[in-house]
Amino acid sequence: MGVHGLLPIIRKVASEGIRWLQPEFFSKYYPVLAVDGNLLLYRFFRSPNTPLHTNYQHVLWALKLSRYCRKLKTSPIVVFDNLKPNDFKAEEHEKRSLISSQIVNQRQVVQEQMYFLCNLKNCLIDNNFPTGNFYYEIGPLLSQIGKLLFDLRSLNERDNPFHAQNNAENLENATFVRLIVDKLNDREKTLMIQEKKNHLIHSLRQLLAFSEINDFPSEIRSYLEFILSNLDLECLTLCLKIIKGILTLDELQKAIKLKQTELDKLERRLYRPSPQNIFEIFEILKILGIPASFSPIGVEAEAFASAISQNNLAYAVATQDTDVLLLGSSMISNFLDLNDNFHLPLQIMDPRKIAQELNLTFDGFQDYCLMCGTDFTSRIPKIGPVRALKLIRYYGNAFDVLKALNVEEKYIIPTDYIKKFLTAKKLFTDLPSNNELFSFIHNIPKEFLHLSDSTYLDLEKQVLRIFNVQIEELDAKTPWYYHYELEKDVKSTYEY
């Protein structure tokens, strides 16, 4: 999502292209905004402050967006990705699908860990563990496993001193040497880790056999089998402690709590709004007088939002997707921030100013962004954002850069790179301009900002009734919101 590695470059080299604006002055410069609904909704769904496994998060998001815009005195135009996947992003969709499947597998492992930890807790509470002379029999084996565990952790945590070179100017100059040294170190380290793992597997099999002969509790035997199949070092540490009789209940409860936090994070990464959620958001926004639409087929939401802005229907785009800068629209990057402090300034990025600060034409800036890598283009191997900037500055455009790189043997340009580059350049420059696409936008101020507070609250009540959501849930998400006309009488307004 967005231009890879662009933000660090902007902050270091083109910080003048970023400005901050206090909320009380925001409407003076940005009375109407195009909002990238997909990105902001996904971010809300995955926030740790959003409850999991409920069916009204999207309702809270729509009402929070509405309250936020009324507080800012700005009118939103909300756009979502078309429900039909964009064929131009087929590779990106495959990558995301692969990542999702990896997260699902990781979640399954963590769920199994939680299951065994809870069983161990019951075992510890019931004191269901045989005591006897077998401790003396397996003492050397436990010591051996503990030593292997320590060695593996040390190898996994060992830092490569070359990784400390992260200065932007030195980063790419040191790449070649660093890669050679890293490969040598990684090869040696991999062999050592594999050798230690083989020893550990052998020792764990001995421990498992001993546990079966000496009638260890089934919970511990099952846990050992799980550890043996996954080689989970964290779980092994706890298992050794309980076998030695030194694991406390508090320590185990703390481990369970940490594992639950890890599980929640994985759940949130898989959490996403359904098409039904989107349609219901449209219904809510219509009630509140906020225009909303899907983007045309083959057009991303941020591109459609940029088209709205460039057709003088909005003053900027609210999103965190830096593709908007490549598309040529100003970007409000921390709009509808998840913190409770409304008074933090909003961050605005101006692509023309950024291009100027980078000493590039805007066309050159677009080429630079595409060379950095986007959802539609990949990077050329060995060329990151720093080197790409130097090349675009020197040659002026991507095509002259590619001609020069073809001469140098150390750069290998993928066979389909130019074709994908041209396709992406067309997507980012040919924005929708058909007036019919913007027909859903009409009389925005009259239908939203010009509503009296009492009228707006009545509409809000209607939404809460329809979706059976309590006002307390909404107020908890918008502690900065106040009803400036009703003030003290606001509580009676919500009685229904």
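Positions of Cβ are set from backbone N, Cα and C atoms, glycine also.
According to Swiss-Prot, the protein carries these features:
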- ASP36, ASP81, GLU300, GLU302: Mg(2+) 1 binding site (BINDING)
- ASP321, ASP323, ASP375: Mg(2+) 2 binding site (BINDING)
Residues satisfying Cβ distance under 8 Å from ASP323 (Mg(2+) 2 binding site), sequence separation of at least 6: MET1, GLY2, VAL3, GLU300, GLU302, ALA303, THR374, ASP375, PHE428
Cβ contacts of ASP36 (Mg(2+) 1 binding site) (under 8 Å, same chain, 6 or more positions away): VAL79, ALA301, GLU302, ALA305, VAL317, ALA318, THR319, ASP321, VAL324
Site with most surrounding Cβ atoms, counting all protein chains shown within 10 Å, from the binding-site residues ASP81, GLU300, ASP375: GLU300
Cβ atoms near ASP321 (Mg(2+) 2 binding site) (within 10 Å, other residues, all chains): 24
Three-class DSSP secondary structure - ASP323 (Mg(2+) 2 binding site): helix
Additional residues surrounding Mg(2+) 2, by Cβ distance to the ASP321, ASP323, ASP375 centre under 8 Å: MET1, GLY2, VAL3, GLU300, GLU302, THR322, VAL324, LEU326, THR374
Near-site residues: Mg(2+) 1, ref ASP36, ASP81, GLU300, GLU302, CB cutoff 8 A to centroid: ASN38, LEU39, VAL79, PHE80, SER295, ALA301, ALA303, PHE304, ALA305, THR319, ASP321, ASP323
DSSP-derived class (H/G/I helix, E/B strand, else coil) of GLU300 (Mg(2+) 1 binding site): coil
Other CB atoms within 10 A, centred on GLU302 (Mg(2+) 1 binding site): 28
